[in-house]
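> Encoded as structure tokens, here's the structure I'll be asking about.
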């Protein structure tokens with residue numbers, strides 16, 4: 001369905017990417033490799049460098065140092081043929097507001113014709129659920145409809161790689177749910193590789209097969225939602241009452257600890273509880289510390305938890 | 001030219017047709033043109049009762065062609081500057097950058113639609129002006145040719161000037177920096193009163209810029225030849241007029257691609273967001 005793969009390696013390969021604005025380091029040696037296919041979420045608190053990273057990958061922004069390859073090409077030197085294989089959906093697009101929805105879709109498909117067989121307007125609008133709005137002017141669409149149009153325009157050239165930057169910011173729960181369903185439909189359709197950024201863990205867990213957490217200018221955690229959840233919960237807190245007193249013990253092997261505890265307590269231990277830190281707890285902690293300006297501590301603490 | 005480049009130009013042309021359709025069906029766009037032009041024509045109608053130093057044609061009729069010339073310059077410069085500034089804020093330019101050949105298509109489309117809009121408004125002004133004002137002559141083919149030549153030359157000279165200014169100006173907030181000087185030029189270009197009434201040094205300033213020459217060219221096309229007596233040196237200076245406009249066209253065409261490429265290179269999502277935040281702070 002999508003573009004025929006024109007290169008054999010990973011869809012995205014980044015090593016030691018650095019970005020510095022003036023004397024502020026935003027990316028401090030980011031390493032990343034994403035295989036073709038599937039949805040990857042780049043998760044991180046606001047200001048962690050997600051947008052900078054994705055703009056470098058899209059070829060919209062230069063970099064200070066490091067090697068970057070997107071679909072086998074350095075984005076700084078990507079030509080129009082390379083550009084035709086990418087889809088880009090930005091945070092807030094308000095372009096061409098006076099155009100009719102069908103006109104914009106039909107016209108933008110034209111640009112891809114020398115390179116691929118783009119979607120037909122009606123077929124595409126139907127897929128993103130905007131068939132009824134085809135005759136409307138773009139600026140009369142609701143926020144959620146507008147973003148679905150942006151997705152339609154992002155995938156119009158059947159991209160091999162689609163970037164979604166904070167796609168659901170400012171959505172109500174209903175619009176968000178509809179949007180998530182659309183993303184699921186996209187991944188079912190063809191082998192398009194999707195990289196999305198979000199600061200919302202819940203969204204990342206719902207949409208992505210792989211989550212990369214970006215903080216302090218590099219990737220500090222990488223895995224499936226499941227793996228990350230398990231990693232975050234290796235340290236458990238064991239609580240119990242013994243001789244009328246509350247006892248608390250933190251351990252990495254709660255099962256072993258409890259087995260030994262109960263084997264020697266002569267029946268005095270009551271109200272035993274094992275509490276595992278969830279990924280959400282760990283992530284929220286990270287965000288809180290990040291926003292308090294303690295980026296370094298936050299990263300260390302999070303790594304400690306998800307090691 | 002490769003086939004892909006050709007395709008980009010063709011797509012740009014299609015964009016121009018859609019843009020024109022959109023402009024013609026948007027009340028706001030139409031009123032933005034009709035209101036100021038309508039007011040100017042009404043003012044000129046009142047000026048029909050006045051004349052300049054016994055010239056054979058009233059001041060109102062004298063200024064009607066100048067108004068057409070001014071409109072071409074205004075439309076060319078502000079049409080490009082306004083669009084490039086707005087389209088950078090709302091992401092149209094970034095969208096173009098995200099598509100293969102999108103930036104070429106966008107620029108070709110915008111140049112073509114602005115040119116069509118200028119051409120259409122010049123013809124509309126002519127259609128309104130001829131029956132309303134006494135003493136205009138537009139009956140012979142040589143007049144039609146002069147009108148067309150001046151119009152085309154004006155479009156060719158002012159669109160790239162607009163593109164250069166629009167590429168330099170990176171925030172709609174600063175539109176006044178272009179708007180005010182262009183308005184100031186109207187005053188020293190002999191649009192609403194003959195330039196010879198101004199002190200010599202101001203006449204000199206006026207003659208540097210295309211506005212004066214466009215007014216002169218349109219007067220040449222539409223006024224009786226005896227009216228040349230009112231102009232500087234008592235003649236239409238046709239060759240000088242085309243030469244000055246050509247110099248502006250060549251210089252700005254040489255600068256425009258470089259500046260537009262720089263503008264395109266700097267475009268990114270965060271740049272758009274920053275510009276928008278900046279505007280919201282101000283308003």
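Count begins at 1; order follows the chain as displayed.
Note that Cβ sites are derived from N, Cα and C of the backbone, with glycine treated the same way.
Residues annotated as domain 'ABC transmembrane type-2' in TrEMBL: B:27-263. If you look up TrEMBL, you'll see B:24-47, B:67-86, B:107-132, B:144-169, B:176-195, B:236-256 marked as transmembrane segment.
Distances, neighbours, how buried they are, the whole picture for these features please.
Long-range neighbours of the transmembrane segment (B:67-86) within the same chain, counting only residues 6 or more positions beyond its ends whose Cβ lies under 8 Å from a Cβ of the stretch, are 37, 40-41, 44, 92-93, 110-111, 114, 117-118, 121-122, 125-126, 129, 150-151, 154-155, 157-159, 161-163, 165-167, 169-172, 174-175, 178-179, 182, 185-186, 189, 191, 210-211, 214-219, 222, 263.
For the transmembrane segment (B:107-132), same-chain residues at least 6 beyond its ends with a Cβ under 8 Å from one of its own Cβ atoms are 8-9, 11-20, 23, 33, 37, 41, 45, 64-65, 67-68, 71-72, 75-76, 79-80, 83-84, 138, 147, 151, 154-155, 159, 162-163, 222, 260.
Sequence-distant contacts of the transmembrane segment (B:144-169), counting only residues of its own chain at least 6 positions beyond either end whose CB sits under 8 Å from a CB of the stretch, comprise 69, 72-73, 75-85, 107, 111, 114-115, 118-119, 122, 126, 138, 175, 177-178, 210, 214, 217-218, 220-222, 241-242, 245-246, 248-249, 252-253, 255-256, 259-260, 262-263.
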> For the transmembrane segment (B:236-256), give me same-chain residues lying six or more residues beyond its boundaries with a C-beta closer than 8 angstroms to one of its C-beta atoms, as numbers and ranges.
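Long-range Cβ neighbours of the transmembrane segment (B:236-256): 149-150, 153-154, 156-158, 160-161, 163-164, 167, 207, 210, 213-214, 216-217, 219-220, 228.
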> With Cβ-Cβ distances below 8 Å as the criterion, list the same-chain residues six or more beyond the ends of the transmembrane segment (B:176-195) that contact it, or say none.
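Tertiary neighbours of the transmembrane segment (B:176-195) are 52, 59, 62-63, 66-67, 69-70, 73-74, 77-78, 81, 165, 169, 202-203, 205-207, 209, 211-212, 215-216, 230-232.
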